[in-house]
Amino acid sequence: MRTIISLLLLSAMVFAVIEAISLEEGLQLFEGERGCVGENQQCADWAGPHCCSGYYCTCRYFPKCICRKDSGK
């Protein structure tokens, strides 16, 4: 009986650790996107603000750099 209870507690602890790690990774991804700007917004790749996922920073007329939609090339 003690063995079964010990295994259940061990399983619960392993599950809690795995869940905490995946939650932390998700929060880090969200924090990385928080300060981003969208299409046709002013950006600066070297210092920020950075473009959101799916966009890239292009500087045709420095210092007027803007985010453009990434075509996936």
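The backbone N, Cα and C atoms fix where each Cβ goes, and this holds for glycine too.
Per Swiss-Prot, CYS59 makes its disulfide bond with CYS65 among CYS52, CYS65. Among CYS52, CYS57, the cysteine that Swiss-Prot records as disulfide-bonded to CYS36 is CYS52. Taking each of the disulfide-bonded residues CYS43, CYS57 in turn and counting other Cβ atoms within 10 Å of its Cβ gives the largest count for CYS43. Among the disulfide-bonded residues CYS36, CYS43, CYS52, CYS59, CYS65, the residue whose Cα lies closest in space to that of SER71 (serine amide) is CYS52. Counting every protein chain shown, 17 other Cβ atoms lie within 10 Å of the Cβ of CYS36 (disulfide bond). Neighbour counts of Cβ atoms within 10 Å were compared for the disulfide-bonded residues CYS52, CYS65, CYS67, and the top value is held by CYS67. Between the CA atoms of CYS52 (disulfide bond) and CYS67 (disulfide bond) there is a gap of 8 Å, rounded to the nearest whole number.
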